[in-house]
Amino acid sequence: CLQEPDIVRCVSLSWSRCQVFIKAKMQSDDKRRAHFQNVLPFPGIKTYVDPDTYEDPTQAVHEFTKEIDPSRIRIERVIGAGEFGEVCSGCLRTPGQKEIPVAIKTLKGGYVEPQRRDFLREASIMGQFDNPNIIRLEGVVTKSRPVMIVVEYMENGSLDSFLRQHDGHFTVVQLVGMLHGVASGMTYLSDLGYVHRDLAARNILVDEGLVCKVSDFGLSRVLEDHPEPAYNTMGDKIPVRWTAPEAITYRKFSSASDVWSFGIVMWEVMSYGERPYWEMSNQDVILSIEEGYRLPVPMDCPGVLHQLMLHCWQKERGQRPHFNSLVSFLDKLIRNPTSLLTLVDNR
Ligand code: ACK
């Protein structure tokens, strides 16, 4: 909708320039509307704001993250390779002069602007979250090089490799406790209207007290440089083994498709980091799921947990449980561990 000052401006422009002006104005109004629809669908209820609704993504970084002075960061060692550069461990001096352990994701030199934008996109998503089961963003360094994202340090690294290194070491209640943490984090995200799309044990981090936190909010990884690459018929790259059939086929990503992925994470946890569907090809996984095949119960896994996995893998997404009921169910199992004693005889 053009307002009076806009019309006055139009009169002083030539007609073709005026048309361009009207179009640009309408587009920016649409964007602003989309942005406010994201921010305020229900007044008083916090929702996630997609940084892509900002005309200038740098604005989202300013809004949702804190700039850290690099003199407060001490990098100690490289702990892994991220999609955009090295991941290091180190310390961050807080304003109260305390030092806290942190992980530092760096953007490697020679990047082009879209890579910088994608890299910082994850920070503007993470910066909106505040939950004990979601990895906490400390801040970003954008005003000097290297560009960095600083997050809380998780002593035991990613859940899949942690479980593989400790095969058979935990009680069922401890494993269910880990899953309870993941489900709590996912409840928080789905309540905010955030769909993760890449929930997998490799994207969960574990701290020294075995608390599990959801991480990896860079959607770009799903679409571009993913460790589990496979194309669907629409040409998207998708982590097939973790993804619900409707998301693979029709891009119908939702909290219900995240619940399917959560079922796969349950299976990964109960089998101590086994690869879902083992060496089956992605195409065979898709066909088998379509024919009704589902992953069998892992060794020593209580039947009640496999039943819960099967519930998450219902073909009809409307019939899958919500994350909040998964949390209540897992909570009851932890409080009443006798229900975890019955194993499935799968010999
Ligand atoms: O399995 P890992 O030890 O845990 O190896 C990977 C590596 O960096 C590349 O992603 C580790 N990593 C990532 N974020 C963190 C973090 N916040 N705290 C500790 N380790 C992390 C991850």
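For all residues, glycine too, the Cβ spot is worked out from N, Cα and C.
TrEMBL annotations: computationally assigned, not manually curated.
Pulled from TrEMBL, these are the features on record:
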type	residues	note
ACT_SITE	Asp198	active site, proton acceptor
BINDING	Lys105, Arg202	ATP binding site
BINDING	Asn203, Asp216	Mg(2+) binding site
DOMAIN	73-334	domain 'Protein kinase'
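Sequence features annotated in TrEMBL and their locations in the structure.
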{"residue": "Lys105", "record": "ATP binding site", "CB count, 10 Å": "23"}
{"residue": "Asp198", "record": "active site, proton acceptor", "CB count, 10 Å": "23"}
{"residue": "Arg202", "record": "ATP binding site", "CB count, 10 Å": "20"}
{"residue": "Asn203", "record": "Mg(2+) binding site", "CB count, 10 Å": "24"}
{"residue": "Asp216", "record": "Mg(2+) binding site", "CB count, 10 Å": "22"}
**Residue from Asp198, Asn203, Asp216 whose C-alpha is spatially nearest that of Lys105 (ATP binding site), among the recorded positions** = Asp216
**Request:** Between Asp216 (Mg(2+) binding site) and Arg202 (ATP binding site), find the distance joining the two CA atoms and give it rounded to the nearest Å.
**Result:** 9
